[in-house]
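Here's the structure we're looking at; comments come further down.
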């Protein structure tokens with residue numbers, strides 16, 4: 001009897017499995033129709049919204065601003081709600097490390113925030129998979145002026161000729177340095193005329209093993225590190241047609257070698273193992289490292305750090321074969337299946353306005369993308385020469401992206417770190433990286 | 001003949017009455033376990049079946065997947081990092097399980113005596129179990145720090161230059177094992193303690209009359225009578241050791257240079273499923289691990305006849 005029951009139960013469950021399995025697989029085909037019905041849903045709800053504008057609508061806004069945005073977020077929320085009393089903004093801030101996992105899960109569950117931050121490497125994946133609202137019609141309808149932003153950033157958030165995002169800000173990289181450590185060894189502060197050799201020389205003078213102080217931290221960092229030096233030695237990471245990797249070209253190998261040599265040849269940087277235990281940023285903010293290549297977004301953090309605030313300086317990146325720096329900018333995008341497209345667009349326009357750019361500059365969190373407001377950002381921290389981040393625009397190169405950037409960029413730590421640790425030669429690591437990256441790029445089409 | 005015909009209907013009646021009775025009992029029984037069973041079915045059995053199905057699929061961006069037959073299983077055989085992850089997992093299991101069991105038995109035996117402040121000691125040993133793994137990881141990460149960590153600072157008194165524990169390929173696994181053992185002693189200790197208290201004192205009294213020494217009593221009375229509990233603890237510990245993930249996720253992380261030497265099968269599963277978004281292939285790994293754990297547990301069940309004594 002018992003056995004009979006178990007058998008029937010099992011059979012029943014298998015049947016259940018079969019049924020639901022069928023329904024999930026058919027879901028794929030049926031997806032289009034279900035989204036269709038959803039859009040008609042939103043259309044009808046939009047109409048009712050329009051007729052009854054007094055009803056309060058909640059717009060969710062997600063980003064990874066963290067502590068630098070502590071001031072900026074509430075200011076943005078307050079300013080918008082004042083002019084739009086029927087819209088309430090709910091801010092969802094997530095640390096950068098977990099942000100994309102959260103957004104991707106939300107995307108899978110048709111549950112994206114109405115308005116959220118987007119970056120270059122992820123943009124095409126979201127746009128190509130129909131997750132983002134195309135803005136072209138809305139821009140035309142409202143005569144919204146996209147010329148307010150640098151063209152390179154507008155292009156970064158366009159896919160197949162259609163705009164999907166409003167540029168939020170941009171960032172470039174600089175050499176942050178600790179003046180106290182420079183003064184102690186009587187070394188001249190870094191400046192725009194430096195080249196790689198000059199920087200290595202200075203790092204050698206600054207390194208003091210007895211005190212546990214290193215001249216520079218050659219951390220494993222793409223945007224803040226080797227992407228810049230690859231460009232500076234005349235190389236590239238991804239070809240313009242996004243079909244092949246530049247890692248195995250001699251110029252790129254030179255760019256990688258700069259960092260590896262700082263650790264293993266000149267010994268002016270902590271080892272990879274030490275920087276795994278204690279992050280370069282923490283070594284720098286505790287006075288163990290004299291120079292650090294880092295982004296403009298650190299201006300708030302460094303100038304408010306108790307230890308660093310009276311010792312911090314910043315200079316343009318040194319010159320390799322040529323001068324270069326990576327530029328990247330964030331954008332504000334809108335979910336395709338937002339329940340309140342009208343209100344979300346209102347908020348998106350507001351985020352792209354000069355008013356919000358001014359909030360950015362006032363709090364110093366990022367270089368605003370709105371043309372003409374950058375100067376105010378530079379002045380937000382008068383003790384720091386933030387102008388270098390703007391000046392470097394002249395020779396900046398774009399952050400390398402493809403359709404599924406993460407597929408190959410996630411391989412970089414696995415493969416290239418072995419060179420940083422001195423386990424394999426730079427050439428071998430670069431060749432392996434190029435091969436794997438070409439494989440990933442070939443699978444994209 | 002007559003007698004037979006007389007008996008038959010009686011028997012039939014009796015049987016059907018029993019059936020009806022039994023049927024009612026079964027119905028109520030199943031009704032009572034239904035809430036629990038439904039929970040298990042929805043949250044455990046159904047996902048397992050789904051994982052099995054997914055192990056034959058290939059996944060693209062945003063959860064779009066398609067049937068790919070046994071592709072994932074053939075890919076499995078030539079995946080070097082998976083082989084490496086299996087080696088790491090095996091190393092972790094082989095080192096951590098015996099150490100945990102031995103230390104748990106020692107702790108349980110010591111805490112089974114009447115000493116002053118017994119509850120305090122029991123609390124102290126149990127504390128790591130109730131502490132959040134995230135908090136444990138952060139504290140141990142600092143202890144292990146190569147330049148500024150407490151462990152290497154203490155070692156420096158003995159003129160030993162400690163390694164960078166969490167970023168050297170040779171030491172990282174042992175560093176994890178130490179924390180894992182430390183964390184799981186408490187739980188096993190409590191179970192073993194209840195096993196110890198179930199041993200009748202008459203055995204010890206009899207042995208004492210015969211003049212047995214404490215160590216002799218421990219080896220010939222305590223251990224054999226504790227084997228059912230030890231067996232239970234070993235099975236549970238082995239299963240959880242095969243599924244090691246949280247400490248590695250929080251103390252090492254996927255971007256560390258030594259992750260190749262530290263990643264277990266479940267960590268690799270996480271990496272494939274949630275970082276590389278290859279959920280189909282990740283399901284395949286989960287299924288293979290499930291089979292391995294089932295086989296290991298089955299072997300243990302078979303072997304228990306040889307060493308477990310039931311009273």
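Glycine is treated like the rest: Cβ placed from N, Cα and C.
According to TrEMBL, the feature transmembrane segment maps to B:21-46, B:90-111, B:123-144, B:164-182, B:218-245, B:281-299. For B:86-300, the entry in TrEMBL reads domain 'ABC transmembrane type-1'.
The stretches the transmembrane segment (B:164-182) and the transmembrane segment (B:21-46) are not in mutual contact, being linked by fewer than three Cβ pairs under 8 Å (pairs 6 or more apart in sequence). Contacts between the transmembrane segment (B:90-111) and the transmembrane segment (B:218-245): present, as 3 or more C-beta pairs lie under 8 angstroms, all at sequence separation of six or more. Away from its own ends, the transmembrane segment (B:218-245) comes close to residues 89, 92-93, 96-97, 100-101, 104-105, 109, 176, 180, 184, 188, 191-192, 194-196, 199, 203-204, 207, 212, 264-267, 270, 289, 292-293, 296-297, 300, 304, 307-311 of its chain (Cβ-Cβ under 8 Å, at least six residues beyond either end).
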